[in-house]
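Undergrad: Grabbed the feature section from Swiss-Prot, which reads as follows:
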- His64, His93: heme b binding site (BINDING)
- 3-147: domain 'Globin' (DOMAIN)
- Val2: N-acetylvaline (MOD_RES)
- Lys18: N6-succinyllysine (MOD_RES)
- Ser21: phosphoserine (MOD_RES)
- Ser45: phosphoserine (MOD_RES)
- Ser51: phosphoserine (MOD_RES)
- Lys60: N6-succinyllysine (MOD_RES)
- Arg105: asymmetric dimethylarginine (MOD_RES)
- Thr124: phosphothreonine (MOD_RES)
Amino acid sequence: MVHLTDAEKAAVSCLWGKVNSDEVGGEALGRLLVVYPWTQRYFDSFGDLSSASAIMGNAKVKAHGKKVITAFNDGLNHLDSLKGTFASLSELHCDKLHVDPENFRLLGNMIVIVLGHHLGKDFTPAAQAAFQKVVAGVATALAHKYH
């Protein structure tokens, strides 16, 4: 559960409506793979991840980023029940994919960075604080099934 004030909820909703989620997802995942190269080990099947330009132009990175942002959007629609919303994804990433749960926090930070880039001056410090709460809540929900 994420506790947002009414003003924070309004800011998140308003700004999210301005976002091209296809672009944000691919860019956020791409940045994660560039900035934290050890995360590439989870994406062996994605082909060329040899450089920043290869990663940022990789169609599989962009496609998976779109899936990530689609799930994130689902979380935005269920802020009061994030653990339930992300239960199956948490289980998948824990039991089958064996993803280090710290990576969820890192990806959340990449999402916030990309939002700042795309939204410019509209992404005020208060809006950033609200989105940081959201990505922290999503990261916690995704890590919920870890033992």
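Cβ coordinates are placed from backbone N, Cα and C, and glycine is handled just like the others.
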Undergrad: List only the single closest residue to Ser45 (phosphoserine), chosen from the modified residues Val2, Ser51, Arg105 by CA-CA distance.
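TA: Nearest in space to Ser45 (phosphoserine), counting only the modified residues, is Ser51.
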Undergrad: Using a 10 Å radius around its CB, how many other CB atoms surround Ser21 (phosphoserine)?
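TA: Neighbour count, Cβ to Cβ under the 10 Å cut-off: 15.
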Undergrad: Within its own chain, what residues at least 6 apart in sequence put their Cβ under 8 Å from the Cβ of Arg105 (asymmetric dimethylarginine), listed in sequence order?
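TA: In sequence order, the residues whose Cβ lies under 8 Å from that of Arg105 (asymmetric dimethylarginine) (at least 6 apart) are Val135, Ala136, Ala139.
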Undergrad: Which chain-mates of Val2 (N-acetylvaline) that are at least 6 residues away have a CB under 8 A from its CB, listed by sequence?
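TA: Listed in sequence order, they are Leu79, Asp80, Leu82, Lys133, Val134, Ala136, Gly137.
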Undergrad: State the Cα to Cα distance, in Å, between Lys18 (N6-succinyllysine) and Lys60 (N6-succinyllysine), rounded to an integer.
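TA: Given the Cα positions, Lys18 (N6-succinyllysine) is 24 Å from Lys60 (N6-succinyllysine).
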Undergrad: CA-CA, which of the modified residues Ser21, Ser51, Thr124 lies nearest His64 (heme b binding site)?
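TA: Closest candidate to His64 (heme b binding site), judged by Cα separation, is Ser21.
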Undergrad: Of Lys18, Lys60, which of the modified residues has the most Cβ neighbours inside 10 Å?
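TA: It comes out as Lys60.
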